[in-house]
Amino acid sequence: MYTEKVMDHFQNPRNVGEIEDADGVGEVGNVKCGDIMRIYLKVEDNVIKDIKFRTFGCGAAIATSSVITEMAVDKTIDEALELTNKQVAEELGGLPPVKMHCSNLAADALKTAIEDYKKNNK
Amino acid sequence: MKRVYLDHAATTPLHPSILDVMLPFYKELFGNPSSVHSFGREVKKHVDKARKQVAESINADLDEEIIFTSGGTEADNLAILGVAAALKEKGNHIITSSVEHHASLDTCDALAKEGYRVTRLSVDEHGVIDLEELKSAISKDTILITLMHANNEVGTVQPIEKVSKIAKEHDIYLHTDAVQSFGQIPVDVNQLGVDLLTISGHKIYGPKGIGALYVRKGTKLKNLAHGGGQENKIRPGTENVAGIVGLGKAAEMASNSVDEMQEVEKKRDRLIEGLLKMDDVKLNGHPEKRLPTNVNVSIEYIEGEALILSLDMEGIAASSGSACTSGSLDPSHVLMHMGLSHQTAHGSLRLTLGKGTTDEDIDYVLDRVPKIVERLRNMSPLYGKQIKKGSGCPCTQKK
C-alpha cells in the first residue's frame, strides 16, 4: 500500500514539534477524512531556516508532513510557495490515489504558514 | 520480533485438524458429488455428513435446511434478495439496522433502488437497536427483518430472541447474520427463533470461501442463480467439496467449544482494563452484551490507521474503523451511528482475540500500545498542554 519511503517517514518523521516563536503558523484540515496538519516556520532573510510540524492523521498524512519539512527547509519563501502536493507525493515515491486528496495536505499547510508569515511581516 | 494476531474478527487461522479433513478432497477424493458413479457417491457422503454437522451445530431440525454458499456475504445476499423476490406480491418493506455489515446494508440498498422500502433502525450509544422503534416500523407490507446477531466491529450482541417474538406476532420472516457470533456464544436457530441464519467458515477456524445459510423448512426463498439442482435448487453450481467438508468440521468444533470462550473473555477483560488506564480512552460497544473476543476502544487525539501501522511494526495485527484504513473517506458507519464524533471514530482500535491468544500476547500489547499512543499524540496538534481539549480544526468537530 505505501512505499518504503512513506513508511520510513512515518516511522521516523523528521522535524516533529513546534517552534515557540514561529514567524508563521499554518493549519489545514480535510473536512471529509479529518486529517489536520499544522506547520511552524522560522524565516531569516526570506529563507526558511527552520520548519516543524504536528499532524493528526494517517500514515500518509504524517509522511507527507515530514517530507515537506525536508523539501522546504533552506528554500526561499517564493521557492517554497511553488511546492505542490503532487511533488510531495512524487518525493515519497507515490501515494495511493485515495490519499492524494485525503491525506496529502502538506503543501497546502506550508502555503498557509507562509501566508501567515507574510501577514505578520507586512 | 514477536507476532501477535488480534484480528480474528477479520479472519481466524485455519485449524490444522480442519485442514486435515479437507486435504483428501484436493487429492484422491475428486469426484463430483452430483455424479451417480462410485467416485461421485463417495464424495456425496462427505457433503451429506458436513450438512448434518452444520445443521446439528446450530440445532436445525433438518439437514436440508442448510444451503452451502461461497461465504457469509453470499448467504446474506441470498437471504435478503431471495425473500424479497419470493414475497414481492405480499409486500415490499424490509427492516434492518444502521450498523449491519455491508453484506446486508448494501443488499438492502440495492433493493431500495428497485423500489423496495427499507427501514434502517437506529442504535443506542452501545450499538443496540430499540425494540419499540422496531415495533413502530412494522407495517402490513413488511416481509423481512434482517439484523445481525453480533456486530463485527464493536461486538455488541443484539436481542434477537426478543426480535423474533415481535416478528412472529406479525408473521414476518427474521434473518440474522451470525457470522461473528457463531462459535463464540450459543447460536441455536430454535432458541433464537429465526427463519434464516448466516454463518461463515473462516470466522470459526475453517476455510475461506465457504459459508452456509440456514433456511427454516417452509420459508419462501427464491434462487438467485440458475443452473443445476444443487443445494435444494436454491444455490446451483458444483459444490466446493473441500470447503464444505471443512465447514462441517469447523461448525462441529465451534459449537462444541463455546465454553472455551470463558477463558478468552478473561483475557479480553484484562485487555480492556489495561487500555482504559490510558487517558482519554473509551470502550466502544456494549459493556456486557458483547462478544467474548471483542475489544474496541476510541483513543482520542490520534488517528486509527497511524496506530495500526505502528502496531504492525511491533508485530501486532489489529484493525480500526478509521476512514484511512477502509479506503473510503468516512470512518466506520457503526461508530458514527453509535454517536461518536468524526474525530473519535477515526481514532478507534479493534483488537479481536482468538482461542490461541495467550496472556503473554495481552501483556505485550498492553506494553506497546501506550508507547505508540504517546508517540502519536506527541505528534498530534490536537494534543498537548498548549492545546485545549476539543480544539483544533473545526472540520473534525462533531456536527
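Sequential numbering from 1, following the chain as shown.
The backbone N, Cα and C atoms fix where each Cβ goes, glycine too.
B:Gln180 is the only one of B:Gln53, B:Gln180, B:Gln184 that TrEMBL places in the pyridoxal 5'-phosphate site (with B:Gly72, B:Thr73, B:Asn152, B:Ser200, B:Gly201, B:His202, B:Thr238). Proximity to chain A (Cβ-Cβ under 8 A) holds for B:Cys324 out of the binding-site residues B:Thr73, B:Ser200, B:His202, B:Thr238, B:Cys324. According to its DSSP assignment, B:Gln180 (pyridoxal 5'-phosphate binding site) is coil.
In this structure, B:Thr73 is the one among the binding-site residues B:Thr73, B:Asn152, B:Gln180, B:Ser200 with the smallest number of other Cβ atoms inside 10 Å of its Cβ. For B:Cys324 ([2Fe-2S] cluster binding site), the same-chain residues 6+ apart in sequence whose C-beta sits under 8 angstroms from its C-beta are B:Glu303, B:Gly304, B:Glu305, B:His346. In the shown protein chains, 23 other C-beta atoms lie within 10 A of the C-beta of B:His202 (pyridoxal 5'-phosphate binding site). Under a cutoff of 8 A between CB atoms, and with a sequence separation of 6+ in the same chain, the neighbours of B:Gly72 (pyridoxal 5'-phosphate binding site) are B:His101, B:Ala103, B:Asp177, B:Val179, B:Thr198, B:Ile199, B:Ser200, B:Lys203, B:Gly211.
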